[in-house]
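Colleague: Pasting a structure here, questions to come.
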Amino acid sequence: MATNPGLFTEWPWKKLGNFKYLILAPWVAHGGYLAATKGWQEVDLGYLLIFPSLLLRMIHNQVWITISRVQNARSRRQIVDRGIEFEQVDRERNWDDQVLLTGILLYLGALYLPGGQHVPLWNTKGFLLIALLHAGPVEFLYYWFHRALHHHFLYTRYHSHHHASIVTEPITSVIHPFAELVAYELLFSIPMITCALSGSASILAFEIYVLYIDFMNNMGHCNFELVPNWLFKWFPPLKYLMYTPSFHSLHHTQFRTNYSLFMPFYDYIYNTMDKSSDTLYEKSLKGKEETVDVVHLTHLTSLQSIYHIRPGFAEYASKPYTSKWYMRMMWPVSWLSMVLTWTYGSSFTVERNIMKKLKMQSWAIPRYSFHYGLTWEKEAINNLIEKAICEAEKKGAKVVSLGLLNQAHNLNGNGELYLQKLPKLGVRLVDGTSLAAAVVMNSIPQGTDQVILAGNISKVSRAVAVALCKKNVKVVMTNKQDYHFLKPNMPEDTAENFLFSKTAAAKVWLIGEGLDASEQFKAQKGTKFIPYSQFPPRMVRKDSCTYSTTPAMAVPKALQNVHSCENWLPRRVMSAWRIAGMVHALEGWNEHECGDIVLDMEKVWSAALLHGFRPVAQA
């Protein structure tokens, strides 16, 4: 919202939420009715193609979002070296409103504008007219309108909403109050209305013009330089006819320079060109050496998780992951993305963070959760993880943390396999067991004298069981086979606190994967379920029972560029396995934590608190 909102800043369909797309339904239905009753030969093709063209714009914009986020996660050719936060993502969530507004105007034009009906597929005269009118009146009027928007009166009421995003993303380009964007739409409609009135309109010319506007808008706000220098050397006048991302980024950081729309020509004429434009362009184009201190290795989970990761859909990535019924309608795209991911030969960067000069990245192994359960995929996955570890070491990483199933015992022995294969490994491998166990320990209510341990046994559950028994807390298991498997791990002086019973009635359950819903119903009302697993359990108890998150902590404000949720965790909450790698690097510890190694839990917990990480309940 602008600092001092003016008239008509709110979008008229804001209260409709995701149902706002229904405002186009009458026209879409009308087009379908005409096609069904009159036949394709007699119906106005331009009218029918409006809705598909809007879908094409949505896809076009999403492609830019994904490319920009992937590129900025790698930090190559980044222009403004700062991160964005959830506040900006929320402010820019309505980027599709301008597509709806354009659709309304196109439908109205196709129905009522003289010359807007039954236009041909192509008209060269109209295409040239659009190009000339854009380079002349549109660019000229935009320049002076834009300068007017930077006057205090209009800036505080309207344009400040757009400039709240100093670090831009492609969709930042269309984030404006309603009244301001209406003015832009009317400005851009000048060439198309003129073509219609002169009888030179055509479907492809209009579509190319709209896609040109989207392309230039997205490119100018993507925060990484991609316009090659050879273009300007090949055709020097192009520097006056096409801006670059670095050119426009100066407008967002300096505010009163580089006002032009897409053609810097008018900034040169009226002496508003930022003097550092060329320098910043050359610097951004060269990029910088990609360095990283900590790499967290994760992987995709369900088929729909491809939309939830940071380079996916910005709105979904900014919320904890939940399966949505309407996303299932995109199953062809989901399966195609799975095939493409499966054939990809190496990990890919999904997120970049900075904390106390520590540079961190999250890399995703190109596999889904179900791949980790396939015997014939085991070797391929281990090779991918090994390759990622070696790549991280080449980039100067000090620590690699293993998240989700990348540290599964039946896959690589909690990472021990890589130490055996890479005996001279310089980077430290961290499976995060000590911090995950510490989080579980500190989630147990004070005064608890008995807990039930249920679910598949893991390295974390063993560490928790040993620590609880040492604190004289009874640990009861209801599975006899698991009890006998874990019993040898218990120190002799605390073995009396490790028990087996089918009728235990503790109020605290420590649960892992593989726990049946029927087992949960054996718990008393009011039981507190505390997961120790990487994946959350099914929450089947709807009575007074409560469920904690999987082992995780809230991150401090010092951790920057956090604007996506880690899987199912809340905002600014990260898994203990991921945080463990950060703490390891921040403390400068030189030992590995993988295989059977478990670090001092109290030491790791205290270090995490010292660096500002907090229990989720205290966030």
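First residue shown is number 1, and so on along the chain.
Glycine too: its Cβ is placed from the backbone N, Cα and C atoms.
The feature transmembrane segment is assigned by TrEMBL to 99-115, 127-145, 186-212, 329-350. The domain 'Fatty acid hydroxylase' feature in TrEMBL is assigned to 136-272. Per TrEMBL, the feature domain 'Very-long-chain aldehyde decarbonylase CER1-like C-terminal' maps to 451-615.
Situate these features within the shown structure.
Modeller: Within the same chain, residues 183-184, 187-188, 190-192, 194-195, 198, 200, 202, 204-206, 208-209, 241, 259-263, 265-267, 270 sit at least 6 positions outside the transmembrane segment (127-145) and bring their C-beta atoms closer than 8 Å to a C-beta of that stretch.
The DSSP breakdown of the domain 'Fatty acid hydroxylase' (136-272) into helical (H, G, I), extended (E, B) and coil residues amounts to 95 helix, 1 strand, 41 coil.
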Colleague: Over the domain 'Fatty acid hydroxylase' (136-272), work out the mean pLDDT and round it to an integer.
Modeller: 96
